[in-house]
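What follows is a short report on a single structure.
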Amino acid sequence: MTSFEAQQETFDCSEYGNGSCPENERSLGVRAAMYSLMAGAIFITIFGNLVMIISISYFKQLHTPTNLLILSMAVTDFLLGFTIMPYSMVRSVENCWYFGLTFCKIHYSFDLMLSITSIFHLCSVAIDRFYAICHPLHYCTKMTIPVVKRLLLVCWSVPGAFAFGVVFSEAYADGIEGYDILVACSSSCPVMFNKLWGTTLFVAGFFTPSSMMVGIYGKIFAVSKKHARVIDNLPENQNNQMRKDKKAAKTLGIVMGVFLLCWFPCFFTILLDPFLNFSTPAILFDALTWFGYFNSTCNPLIYGFFYPWFRRALRYILLGKIFSSHFHNTNLFTQKETE
């Protein structure tokens, strides 16, 4: 994501410059360090989420409604790492967009779509955990595979329609003085939000779903506390299931918290920037964008830390065991984890 000031600093658009990139003031060592850090994040994002995708798709034991949502969220993070972060890395390090205006809009549309898609997925996961913990008797009838597929359709279609519609219609730039001049600069990537669409993006794309998530998880943990007081008096099989559901909710709650921590500064800056006459420093805007990207890097690390089955699946994938016939029926859970 770019800001208006970032474009002004990169190009002398007010005087219709020749569209060439300015000389990069960063030393070779600084650029090498930036490339190394960002490339490392990209590798972890792509590889980690690819492992999650393969694991849930391959092992039959993981074919549950909850994991179907997690699988789709991993696809979102994988696409961000594969299609968005590499081009953003070049732009951030070189201080220039080399890929043209049309691809700039496509890139930004996917960037915006995937970030909103992530939060929609987290809302869906929160709903899934709500029924599993707060209404366990109705979970199997409420969160069926067809219901999850409809949720996923909403998670992908609504952010996609919003992102591509707003960016390609250029409604986001209505009333921004100098925008047409920025477009005339061939090497710029002039995407910024006016007051109306900056507010709309923040409220509809971040604040509202985030508030819903926080409210749902608040209810989940309140119910979990009540369950903890009576859990010892329940039958063993019901006791074990409630413990597993609570642990899953805790892990996914951490995923939600990391997402909000990583993306709130960027979305909040998009909200404030037009009210501050687009005065956000370019380096700050870029740093906040990458802080948001790093959320997709963190997710597979969180899964690896909290889910032993993820680590086992990774080992099986690296050893090539998934190419053996019938290996997809392998049990990924130990006796202790199923109790």
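Note that Cβ sites are derived from N, Cα and C of the backbone, with glycine treated the same way.
The topological domain 'Extracellular' annotation in Swiss-Prot covers 1-36 (among others).
What Swiss-Prot records for Asn18 (among others) is N-linked glycosylation site, and it gives sequence analysis as the kind of evidence.
Secondary structure at Cys21 (disulfide bond), as computed by DSSP, is coil. Taken from Swiss-Prot, the feature disulfide bond covers Cys21-Cys185 (among others).
The transmembrane segment annotation in Swiss-Prot covers 37-57 (among others) and is backed by sequence analysis.
Outside the topological domain 'Cytoplasmic' (58-67), and at least 6 residues removed from its termini, the chain residues within Cβ reach (under 8 Å) are 125, 128-129, 132, 143-145, 147-148, 248, 309, 313, 322, 328-333. Marked as topological domain 'Cytoplasmic' by Swiss-Prot on the basis of sequence analysis: 58-67 (among others).
Long-range contacts of the transmembrane segment (68-88) within the same chain: residues 38, 41-42, 45-46, 49-50, 52-53, 56-57, 99, 107, 110-111, 114-115, 117-118, 121-122, 124-125, 128, 145, 148-149, 151-152, 155-156, 289-290, 293, 295-297, 299-300, each at least 6 residues beyond the stretch ends and with a Cβ under 8 Å from a Cβ of the stretch. The feature transmembrane segment is assigned by Swiss-Prot to 68-88 (among others), with sequence analysis given as support.
Each residue in the topological domain 'Extracellular' (89-106) gets a DSSP state, and the totals come to 12 helix, 0 strand, 6 coil. Look at Swiss-Prot and you will find 89-106 (among others) tagged as topological domain 'Extracellular'.
Here Swiss-Prot flags Cys104-Cys189 (among others) as disulfide bond, drawing on sequence analysis. All protein chains considered, the CB of Cys189 (disulfide bond) has 24 other CB atoms within 10 Å. According to its DSSP assignment, Cys189 (disulfide bond) is coil.
Residues 1-2, 66, 69-70, 72-73, 76-77, 79-80, 83-84, 87-88, 99, 143, 148, 151-152, 154-156, 158-160, 162-164, 166-168, 189, 191, 201, 205-206, 209-210, 212-213, 216-217, 220, 252, 255-256, 259, 263, 292, 295-296 of the same chain, all 6+ positions outside the transmembrane segment (107-127), place their C-beta atoms under 8 angstroms from a C-beta of that stretch. The transmembrane segment annotation in Swiss-Prot covers 107-127 (among others).
Each residue of the topological domain 'Cytoplasmic' (128-150) gets a DSSP state, and the totals for helix, strand and coil are 20 helix, 0 strand, 3 coil. Among the features that Swiss-Prot reports, topological domain 'Cytoplasmic' is placed at 128-150 (among others), with the record citing sequence analysis.
Summarising the annotation, Swiss-Prot assigns transmembrane segment to 151-171 (among others) and lists sequence analysis as the type of evidence.
What Swiss-Prot records for 172-195 (among others) is topological domain 'Extracellular', and it gives sequence analysis as the kind of evidence.
According to Swiss-Prot, the feature transmembrane segment maps to 196-216 (among others). Distant neighbours of the transmembrane segment (196-216): 112, 115-116, 119-120, 122-123, 126-127, 129-130, 159, 162, 166, 171-172, 174, 256, 260, 263-264, 267-268, 270-271, 273-274; these residues of the same chain sit at least 6 beyond its ends, with a Cβ under 8 Å from one of its Cβ atoms.
Confidence annotation: the topological domain 'Cytoplasmic' (217-251) carries a mean pLDDT of 69 in the model. Swiss-Prot lists 217-251 (among others) with the feature topological domain 'Cytoplasmic'.
If one looks beyond the transmembrane segment (252-272) by at least 6 residues along the same chain, the residues whose Cβ comes under 8 Å of a Cβ in the stretch are 1, 3, 115, 118-119, 122, 125-126, 129, 193, 198-199, 201-202, 205-207, 210, 213, 217, 220-221, 280, 284-285, 288-289, 291-292, 294-295, 298-299, 302, 306. Per Swiss-Prot, the feature transmembrane segment maps to 252-272 (among others); the stated evidence is sequence analysis.
The topological domain 'Extracellular' annotation in Swiss-Prot covers 273-287 (among others).
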Non-local residues, at least 6 beyond the ends, that sit with Cβ under 8 Å of the transmembrane segment (37-57): 63, 67-68, 70-71, 74-75, 77-78, 80-82, 85-86, 89, 92-93, 290, 293-294, 296-297, 299-301, 303-304, 309-310, 313-314, 317, 322
C-beta crowding around Cys104 (disulfide bond), within 10 angstroms: 21
Distance, Cys189 (disulfide bond) to Cys21 (disulfide bond) (CA atoms, angstrom): 12
Cys189 (disulfide bond) to Asn277 (N-linked glycosylation site) - Cα separation in whole Å: 18
